[in-house]
Amino acid sequence: MRLRSLKILIITHFLFVSVFLTVSGSQNNTIHLVTEFILLGFGNQGDTRGFFFSSILILYLLTLLGNGAIVCAVKWDQRLHTPMYIFLGNFAFLEIWYVSSTIPNMLVNILSESKAISFSACFLQFYFFFSLGTTECFFLSVMAYDRYLAICRPLHYPSIMTRKFCVTLICVCWVSGFLCYPVPIILISRLPFCGPNTIDHIVCDPGPLFALACVSAPSTELLCYTFNSMIIFGPFLSILGSYTLVLRAVLRVPSGAGRTKAFSTCGSHLVVVSLFYGTLMVMYVSPTSGNPAGMQKIVTLIYSALTPLLNPLIYSLRNKDMKNALKKVLGLTTIQN
């Protein structure tokens, strides 16, 4: 799966973006009077602070455990060294990074009195959160294409979805996801921020950042929202097209057992797509300007933290091979402990 090369890729992007934002921030001190933002998160309510912290921490640890178990299962079990499970292993690895781009800072923010986040740290979180989310959209599209080939073109599947082609698709997903957002982030970071500096959200999101800019930037807003819509709807339409062809092929299968097997193969992926895209579209496609900040925080928490937690359960409960591999991993862990 070349996970080591993917780690190097992400670390390289982290260093590049951090250096760039630091340099650009130092060059634009005359423009950016704001040097830090106040990320309100879930507020400063002392009675519920412990509840929010413990709940999100447990959710984060369970997400790391579940997705980490899938990565180990795919790596250690030779029976899972097929394109479908290699994609799933990379997807689980992606989910670990996805939740780690926001949850640790969210936990620190809950305990913090000042709730301050530096200008560079805010835009770094923006970059990684949206880049990893974009990569997830691409992976869901590629996984749907893989199911289309397996069901609609089963005889040609081994010759098309070779190991080399599989690795190429994985690399394209990772690289494309991390190359999509530098331009929008550069445009937003160059807007003048002269106060106030309070972001009533749990993450650094473009909507609140546009609202804090000292001048209106309709062209930049239009560009960013158009870009977001393309990132969301492009892979979504690809997934929709793949499963439309799959559904048409499945309905032509004469035996009920064959149809059931085909649907069970795609069922887990469809549930994950529905969870992720449902909340994503509520947040970034439907009009949310009239929604209260609390509702936006809940929706963001669902697609950024809850969905990655549910994915391992969805895939393992509906897949016998994955379930057996996970039992094997947990057994090895017990022996080692």
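Using the three backbone atoms N, Cα and C, a Cβ is placed for every residue, glycine included.
Listed in TrEMBL:
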- 50-73: transmembrane segment (TRANSMEM)
- 66-315: domain 'G-protein coupled receptors family 1 profile' (DOMAIN)
- 85-103: transmembrane segment (TRANSMEM)
- 123-145: transmembrane segment (TRANSMEM)
- 165-188: transmembrane segment (TRANSMEM)
- 230-251: transmembrane segment (TRANSMEM)
- 263-286: transmembrane segment (TRANSMEM)
- 298-317: transmembrane segment (TRANSMEM)
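Comparison of 50-73, 85-103, 165-188, 230-251 by number of C-beta pairs under 8 angstroms to the transmembrane segment (123-145) places 165-188 first. Model confidence over the domain 'G-protein coupled receptors family 1 profile' (66-315) stands at 87, taken as the mean pLDDT rounded to a whole number. Among the recorded stretches 50-73, 85-103, 230-251, the one sharing the largest number of Cβ pairs closer than 8 Å with the transmembrane segment (165-188) is 85-103.
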